[in-house]
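J.: Residues annotated as transmembrane segment in TrEMBL: 42-63, 84-108, 120-140, 152-176, 182-201, 244-261, 331-349, 370-391, 397-417, 429-451, 457-478.
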């Protein structure tokens with residue numbers, strides 16, 4: 001039986017962790033952009049992290065999510081096999097991440113030459129430590145989801161991100177420069193990984209292992225990891241390769257603009273990530289128990305609340321993008337404004353993906369999701385090759401939005417084939433939300449004439465929030481009393 005209170009508890013814990021992550025990393029981005037780094041230095045730092053993001057595809061090869069999926073299944077059907085699943089997956093992961101980390105370190109100069117940024121070489125050398133720390137961190141974070149210990153994943157998020165901020169600021173203040181900032185990321189992820197491995201050891205110790213591993217278990221785990229790896233590769237095409245292509249065709253400063261816009265979208269997307277992460281394991285449990293109607297109801301409610309928040313947020317971001325970038329990050333970053341506006345649409349698509357993506361894995365549709373993500377990821381890559389040279393950094397954003405929108409539509413269809421969703425109901429909700437967002441955006445745009453600094457910008461944003469809240473409540477889409485009671 002699925003404990004829905006546990007879902008809500010997990011959501012609240014993950015949301016708190018995401019708030020901590022968003023505030024910590026948001027503050028760090030502002031400090032990096034305004035105080036410590038130039039646009040070129042900012043671009044080099046995050047260009048290197050984008051390269052590592054692609055390398056992480058090969059260091060993880062889908063093992064964390066595949067392990068989480070099998071842990072979820074065997075917790076119900078064969079708990080004694082859980083220790084064997086964890087130990088076996090850790091062995092495979094140690095081999096893959098060490099191999100990739102060594103390869104990055106050995107070929108760091110050649111990689112920098114391929115990308116066309118010789119100054120990138122020392123950053124890539126640090127990649128050995130980054131790959132090890134980040135891979136181990138993501139493994140424990142994802143695996144706790146499989147154990148339905150989402151609150152433990154939240155702890156790892158908090159420890160990692162607080163560690164990143166503290167380490168980056170300390171190393172920059174001590175004069176270690178941009179390389180020091182990258183080492184700060186390594187230190188934060190390593191701290192989170194060590195804490196997670198300790199918690200994982202305690203958790204697995206609660207399971208009495210079977211005398212021997214079930215025949216073919218690890219083979220099936222690896223087989224299931226392959227489509228997840230393909231999906232991860234597509235994710236890298238969306239989230240990392242585009243940044244690398246911007247660096248290849250344009251300049252480090254353009255990478256800085258593009259990265260800043262993506263980071264803004266990442267901050268805004270945090271609640272959807274929390275909700276999707278907390279709810280996803282329950283879909284697998286509902287399916288195992290034959291309760292598909294209840295699973296459909298939860299997805300529909302999640303979708304409706306998701307678009308109620310993110311469509312107006314995206315509309316507001318389009319309107320306030322210029323004063324937001326100018327007053328928060330400085331005039332040096334105004335080149336990011338059109339990218340931020342395009343990425344506002346991406347925020348809506350990504351928020352839907354956050355509540356759909358993992359759900360398909362737990363419903364056993366990882367292979368089909370991987371195909372859709374792989375095909376649209378390849379399309380995104382090709383579109384980037386056309387648009388970046390033609391219209392600059394904004395072309396990368398347009399390419400991502402178009403490709404991601406196609407992928408999200410396909411994934412909603414896939415989940416509809418599993419759960420028989422009420423598409424008409426979801427469409428009516430979306431149309432009503434768009435009307436609320438449109439009215440709010442018109443009033444906020446008219447109010448921009450009074451914006452002269454950050455306090456006045458915050459005042460206009462608050463006005464938009466109030467208009468949205470009135471529209472959401474009067475339309476019946478939001479029950480404030482019920483929402484507050486559930487979050488207590």
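One-based numbering along the chain as shown.
The backbone N, Cα and C atoms fix where each Cβ goes, and this holds for glycine too.
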J.: The transmembrane segment (244-261): which same-chain residues, six or more beyond its ends, come within Cβ distance under 8 Å?
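T.: Apart from its flanks, the transmembrane segment (244-261) reaches 29, 33, 39-44, 46-47, 50-51, 54, 115-117, 119, 325, 329, 333, 335-336, 339-340, 342-343, 384-385, 388-389, 392-393, 396-397.
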J.: Take the transmembrane segment (331-349) and find every residue of the same chain, 6 or more past its ends, with a Cβ under 8 Å from one of its Cβ atoms.
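T.: For the transmembrane segment (331-349), the list is 33, 38-39, 253-254, 256-258, 260-262, 264-265, 268-269, 307, 310-311, 313-315, 317-318, 321-322, 324-325, 393-394, 396-398, 400-401, 404-405, 408.
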J.: Between the transmembrane segment (397-417) and the transmembrane segment (182-201), are there three or more CB pairs that fall under 8 A, provided the residues in each pair are separated by 6 or more in sequence?
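T.: Contact absent: fewer than 3 Cβ pairs fall under 8 Å.
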J.: Near the transmembrane segment (429-451), which same-chain residues lie under 8 Å Cβ to Cβ, leaving out any that are not at least 6 residues past its ends?
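T.: For the transmembrane segment (429-451), the list is 303-304, 307-308, 311-312, 314-316, 318-320, 323, 457, 459-461, 463-464, 467-468, 471-472, 475, 477.
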